[in-house]
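Working notes, beginning with the structure itself.
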Amino acid sequence: MGKALEGVRVLDMTHVQSGPSSTQILAWLGADVIKLEAPGQGDITRTQLRDVPDVDSLYFTMLNANKRSITLNMKHAQGKEVFTRLVSGVDILVENFGPGVVERFGFPWERLQEINPGLVYASIKGFGPGRYANFKAYEVIAQAMGGAMSTTGFEDGPPTATGAQIGDSGTGIHLVAGILAALYQRTQTGRGQRVQVAMQDAVLNLCRVKLRDQQRLAHGPLGEYPNESFGAEVPRSGNASGGGQPGWAVRCAPGGPNDYIYVIIQPVGWQPIAELIGRPELADDPGWNTPQVRLSKLDKVFALIEEWTEQHTKQEVMEKLNAYNIPCGPIMSTKELVEDETLAELGSVVEVEHPQRGRTRPSATRSSCPTRTSTSSVRRCSGSTPRRCSPRSATAISRLTSCASPAPSEFPKETTTCH
């Protein structure tokens, strides 16, 4: 079975997380991704947060499997020549340098278009044009300036960063959407184009529900929030869902830090919940039996539910609630996720053979491509990450710039290092 992006060639100038997360998706979908790194250390994440000496870090391997790699000194004349040849033979160029870096190398968009009129040139920056344009941005800065932190946490606590990498990987996913749109349009026009995503904009888009609620505040309090008072801004509301169906995380046995389950109460679910918690009379009690009256005392509603859930494990609660089609989900720790057999069977979490790490859980376990396609295969994570090789011959350069893509597992014995 062929891959959706088989034959598509990507020159990957990205580093750290936001850019590599986008090119990783392209590699998963079958593109031939050539990662371009600086001589010496290479991508900084190769050594960042290392858990095993002299081995590429898990930070690097989780984002760069299924790629090839070369090192290239972009300040050297020969390096620029090789880069020009690479650009002429690829479909997509992706970078997430600071503003102006690629231009200072001598390759503004106009020059790249001259080299390859069909090139899709994709960039990630911290911010869009304007007063923030030259400011540095990282994961949590994007969360802070995109609206996520001000609305995450509890009302009496500080703004809080989410554990999900919505600033970095969230931006990378948005960039992939733009890249694929540009590739499709190229089939109509024959021309490439620029694709740009700012990290602040990506987080802002992911916070659209909170922006909706900011507009709703003009018409009164937000009834589905547990907050007692509202000012001029959307407040932090703990674990409230922010949607039309109230939800909360309630404690389960035996009471560990992640022994919780998130429960959503739909109108049709109130009667079975009342029966499960041993309070069947509340199903018909006018003080409890409508969504409107329950919204006015959500703290009491979930306190009653928690009295029951504390007597059972989160898995037991999930089984009991799902028997009545009541939406719920146990809080899964990272350890539980990498050891979950269902996720392993689905291929959502894969165990891979790594040259230095071997094949042991959890060190060789990582998340895999969440996209499943019916008529094209998706490339699962390989255990290897790209080796930085150093061919100096014209043959080696031609191999990289030729239109023929190598097999996914094939690494060039020669690449190019220009110092």
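Every residue, even glycine, has its Cβ placed from backbone N, Cα and C.
TrEMBL entries are annotated by machine, without manual review.
Going by TrEMBL, these are the annotated features:
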{"type": "ACT_SITE", "residues": "D168", "note": "active site, nucleophile"}
{"type": "BINDING", "residues": "Q17, S18, L72, N73, M74, K75, N96, F97, G98, R104, K136, A137, Y138, E139", "note": "CoA binding site"}
{"type": "BINDING", "residues": "G243, G244, Q245", "note": "substrate binding site"}
{"type": "COMPBIAS", "residues": "361-385", "note": "compositional bias 'Low complexity'"}
{"type": "REGION", "residues": "220-245", "note": "region 'Disordered'"}
{"type": "REGION", "residues": "353-391", "note": "region 'Disordered'"}
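Location within the structure of each feature annotated in TrEMBL.
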| residue | record | DSSP (3 states) |
| --- | --- | --- |
| Q17 | CoA binding site | coil |
| L72 | CoA binding site | coil |
| N96 | CoA binding site | coil |
| K136 | CoA binding site | coil |
| D168 | active site, nucleophile | coil |
| G243 | substrate binding site | coil |
Looking only at the binding-site residues Q17, L72, M74, G98, K136, G244 (substrate binding site) has its closest CA neighbour at Q17
Would you kindly list the residues that approach the region 'Disordered' (220-245) from elsewhere in its chain, counting only those six or more residues past its ends and only Cβ-Cβ distances under 8 Å?
150-155, 157, 159-160, 209-210, 213-214, 262, 264-266, 295, 298-299, 327
Greatest inter-residue Cα distance in Å for the CoA-binding set Q17, S18, L72, N73, M74, K75, N96, F97, G98, R104, K136, A137, Y138, E139
29
Excluding G243, G244, Q245, which residues of the same chain place their Cβ within 8 Å of the centroid of the Cβ atoms of the recorded substrate site?
E224, S241, G242, P246, G247, I264
At 10 angstroms around each C-beta, which of the binding-site residues Q17, N96, Q245 has the fewest other C-beta atoms nearby?
Q245
Cα-Cα, whole number of Å: N96 (CoA binding site) versus Q245 (substrate binding site)?
39
Here the recorded positions are D168, G243, Q245, and the Cα closest to that of K136 (CoA binding site) is found at D168
Near Y138 (CoA binding site) in space, meaning Cα within 10 angstroms, which of the recorded positions do we find among D168, G243, Q245?
D168
In angstrom units, rounded to an integer, how far apart are the Cα atoms of G98 (CoA binding site) and D168 (active site, nucleophile)?
14
If you measure from the Cα of Q17 (CoA binding site), which of the recorded positions D168, G243, Q245 is the nearest?
D168
Would you mind reading off the Cα separation of D168 (active site, nucleophile) from L72 (CoA binding site), to the nearest angstrom?
25
